[in-house]
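Taking it in order: structure first as structure tokens, then the write-up.
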Amino acid sequence: MPALVLLGAQWGDEGKGKATDLLGGSVDYVVRYQGGNNAGHTVVVGDQKYALHLLPSGILSPGCTPVIGNGVVVDPAVLLSELSGLNERGVDTSKLLISGNAHLITPYNVTLDKVTERFLGKRKIGTTGRGIGPTYADKINRVGIRVQDLYDESILEQKVEAALEQKNQLLAKVFNRRAIEAGKVVEDMLQYAEQIKPFVADTTLILNDAIDEGKVVLFEGGQGTLLDVDHGTYPFVTSSNPTAGGACTGAGVGPTKISRVIGILKAYTTRVGAGPFPTELHDEDGEALRRIGGERGVTTGRDRRCGWFDAPIARYATRVNGLTDFFLTKLDVLTGWERIPVCVAYEIDGKRVEELPYNQTDFHHAKPIYENLPGWSEDITKAKTFSDLPKNAQAYVKALEEMSGAPISAIGVGPGRTETIEINSFL
């Protein structure tokens with residue numbers, strides 16, 4: 001049975017939660033492999049809507065074991081708050097597994113994230129201010145706090161004291177902030193230890209054994225390809241690797257065990273925060289996409305920037321992730337447009353460029369070259385098969401598939417779990 005990676009093919013917010021939850025009923029494990037509570041996904045089950053930030057979407061599927069891998073950064077307060085909220089709504093969270101090697105977001109990580117962003121002023125990145133970047137920086141600098149450190153108080157104290165020696169200098173001398181007491185941080189972190197302990201496990205061993213036994217394992221990426229720290233629109237990116245390679249390092253599973261890589265692709269394009277966005281709309285079409293699509297960030301609460309579909313971005317995602325399939329979402333949002341522009345290439349310095357430019361300056365100056373496709377007015381939310389879609393909607397999907405470089409195997413035609421057309425099975 002397969003091990004699948006499911007990830008965002010644009011700038012995040014593509015509808016990964018729905019796709020993951022749809023597959024979650026058929027898989028044995030759903031694994032978050034990077035990011036933290038800077039991700040946000042909304043899952044609709046029946047008449048219930050669940051907004052998750054840290055927990056894998058699969059936690060809503062009774063037969064599935066949700067896993068937080070070693071590549072995730074965990075805010076313990078957010079973790080316990082999400083678990084409590086789900087428990088109150090009758091969701092069984094007892095099967096959750098958390099890697100002991102996952103890093104913890106500390107109070108000083110959050111403080112540094114916020115003061116640094118304010119310090120940058122107009123040059124700010126658009127961080128969520130939740131301590132994600134500073135926690136990953138601590139990890140790379142080898143001064144990070146891991147989940148397993150909660151269960152050795154002396155090691156926790158040593159690590160926090162060592163980290164704060166430098167950070168307090170930074171807070172006081174650069175940001176004019178008061179020093180943070182190491183003892184208070186240790187006390188804050190230890191209060192979560194006993195509640196988290198039942199979930200802590202050797203997740204790398206468990207996942208590899210599960211794959212070897214023929215179980216179905218789904219790796220769920222947060223954010224999106226264009227927010228990847230290596231492959232995204234740097235520096236306007238996240239601090240981890242949402243791309244397919246991150247699933248291997250962030251969960252401890254070798255690349256030869258991955259059998260399928262599915263890219264979630266919105267039928268138009270959105271972005272939250274600063275950074276280049278060639279197809280962004282500043283007119284009534286952009287406002288209509290935002291309103292009809294409900295384009296407001298689950299995590300940030302900020303309105304998303306909206307624009308038309310960008311084919312060079314989709315091809316880029318196919319290339320850097322080795323995508324085998326696309327799951328196209330929010331096709332229903334485009335109902336009602338007489339014509340739908342699709343970006344097929346860019347104009348940069350007077351020249352036509354077919355692919356995403358590797359040079360950030362070129363990408364900042366890229367102007368979209370559009371091809372207009374005919375729209376449709378029929379309601380598509382009740383469509384169950386591809387042939388149920390209006391002819392122009394079918395043609396739109398086929399055009400996107402041809403431009404993007406991988407087959408579109410499923411289509412979202414509404415927010416609900418059942419409002420999906422499956423063309424090719426992912427399993």
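Glycine is no exception: its Cβ is also placed from the backbone N, Cα and C atoms.
Per Swiss-Prot, the features are as follows:
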- D13: active site, proton acceptor (ACT_SITE)
- H41: active site, proton donor (ACT_SITE)
- 12-18, 40-42, R304, 330-332, 412-414: GTP binding site (BINDING)
- D13, G40: Mg(2+) binding site (BINDING)
- D13, E14, G15, K16, N38, A39, G40, H41, T128, R142, Q223, T238, R302: IMP binding site (BINDING)
- V298, T299, T300, G301, R302, D303, R304: substrate binding site (BINDING)
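Everything Swiss-Prot records as a feature, shown here on the structure.
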residue: G12; record: GTP binding site; DSSP (3 states): coil
residue: K18; record: GTP binding site; DSSP (3 states): helix
residue: N38; record: IMP binding site; DSSP (3 states): coil
residue: T128; record: IMP binding site; DSSP (3 states): coil
residue: G301; record: substrate binding site; DSSP (3 states): coil
residue: L331; record: GTP binding site; DSSP (3 states): helix
Across every protein chain in view, the count of C-beta atoms other than its own within 10 A of the C-beta of D303 (substrate binding site) is 14
Least surrounded, by Cβ count within 10 Å, of the binding-site residues G12, G15, G301 is G301
Of all the binding-site residues given, namely N38, T128, D303, which is spatially nearest to V413 (GTP binding site) at the Cα level? D303
Nearest to K18 (GTP binding site) by Cα distance: which of the binding-site residues T128, Q223, R302, D303, R304 is it? Q223
Can you tell me how many other Cβ atoms are located within 10 Å of the Cβ belonging to D13 (active site, proton acceptor)? 29
What does the structure give for the C-alpha distance between L331 (GTP binding site) and R302 (IMP binding site)? Integer Å is fine. 22
For R304 (substrate binding site), the closest of the recorded positions by C-alpha position, picking from D13, G15, T128, Q223, is D13
Fewest C-beta neighbours within 10 angstroms among the binding-site residues N38, T128, Q223 belongs to T128
Across all protein chains in the structure, which of the binding-site residues K18, R302, R304 has the highest Cβ count within 10 Å? K18
